[in-house]
Amino acid sequence: MLLWAGYASEKQVSIMTGNEMIAHLDKNKYEIVPITLNEKMDLIEKAKDIDFALLALHGKYGEDGTVQGTLESLGIPYSGSNMLSSSICMDKNISKKILRYEGVETPDWIELTKMEDLNLDELDKLGFPLVVKPNSGGSSVGVKIVYNKNELISMLETVFEWDSEVVIEKYIKGDEITCSILDGKQLPIVSIRHAAEFFDYNAKYDDTSTVEEVIELPAQIKERVNKASLTCYKALKCSVYARVDMMVKDGIPYVMEINTLPGMTQSSLLPKSAEAAGISYSKLLDMIIETSLKVRNEEGF
C-alpha cells in the first residue's frame, strides 16, 4: 500500500490528504508504506515492490496523468482515473472544449499561451469581471477575479509564473455546488457558501470561512445537475471517483472543473458527501481501493 505526498503547488494539501488516509485505513487489511515524492525521479526509485498505489496527490504531476502513466509503465495498479482521463481533466481548456461538444454548460473562456496573444476584442465579448486561472492546477491555486484590464494584466503576469497556459473565464455569480461521483454513482450534492468572494485555496481549507452542507435541490434543477455531472464523468472517461464543481445560475448548472483526485482532508467535500450517503471515511477508502483494483484489472493490470 502506497501513500503519496507530492511536489507541486498543492503539496500541503497532498500531505493533509495522506495523513487523513493513514489515520483511517484499516491496519488489519493494509500494509501502509507512506512515501513522499520530492522530485519526479523519486517515483521510479521508491515504487519498487509496491502492490498498489493509493494516490494522495493533487495538482500538476500528481493529477495530470504523469504519475498515472509512470505507474502504468511500471505495472503498478493505482487509485482513481487513468492517465488519459487525468490529463484531460487537468487541462481546463481541453476539458471545457469536450464539455461544450457534449452540450454541457461551462463559462465562456479564452486561453493564452503568452501575453502578446491577449485580444481586447475577445475580452470585451466576455465582459468584466473575469476569472483568471492556470490552465493546469487545482485547489483554486493561482485563481483570482479581476474587474478591469489593469487588474487582468497584473494577474496574468502572476499566473504565467504558475503555468505556461492561462485560462480567462467569464465570471458566473450563482450558487456554488459540488457533485461527487463514486464508481459511476452520484453521492449527495453539497452546497458551498463562503465569506470570501471566491472559493479560493484559503477558503477551501479554512473551516471558519465556509459553510458546506448537503442540500436537496428543486427537482428540475437536480435533474439538470445530475445529468451534467454524469455527462462530465463519462465524456472525460473518469473512473473510480471524481468531483464535479458547478455554479448554478438561473436554474442552469455551469461546470467549472472536474477533479479526478479530489481532496480527502477533514474539510474536503467528497468525504462529506459520502458521509451523507452513510459511507464512513474508512469505508470510502475501502471502496476506492477495491474499485480501483477492479478497474485496473479491466485495463490489463
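The first residue you see is number 1, and the count goes up from there.
Every residue, even glycine, has its Cβ placed from backbone N, Cα and C.
Here Swiss-Prot flags 123-178 as ATP binding site. Taken from Swiss-Prot, the feature Mg(2+) 1 binding site covers D245, E257, and the record attributes it to sequence analysis. Annotated Mg(2+) 2 binding site per Swiss-Prot: E257, N259, in sequence order. Residues or ranges marked as domain 'ATP-grasp' by Swiss-Prot: 96-290.
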Under DSSP, is K144 (ATP binding site) part of a helix or a strand, or is it coil?
strand
Three states by DSSP: which one describes L130 (ATP binding site)?
strand
Quick check on the binding-site residues E151, E165, E257: which one has the highest count of other Cβ atoms within 10 Å of its Cβ?
E257
Can you tell which of L123, I172 has the most other C-beta atoms within 10 Å, given these are the binding-site residues?
I172
Any idea what the model's mean pLDDT is for the domain 'ATP-grasp' (96-290)?
90
For a quick check of understanding: among the binding-site residues T158, N259, which residue's Cβ has the most other Cβ atoms within 10 Å?
N259
Report, as a single number, how many Cβ atoms besides its own are within 10 Å of the Cβ of D245 (Mg(2+) 1 binding site).
22
Looking at the binding-site residues L123, K144, E151, E165, I172, N259, which ones sit with their CA no more than 10 Å from the CA of D245 (Mg(2+) 1 binding site)?
N259
Where I172 (ATP binding site) sits in the secondary structure, as DSSP reduces it to three classes:
coil
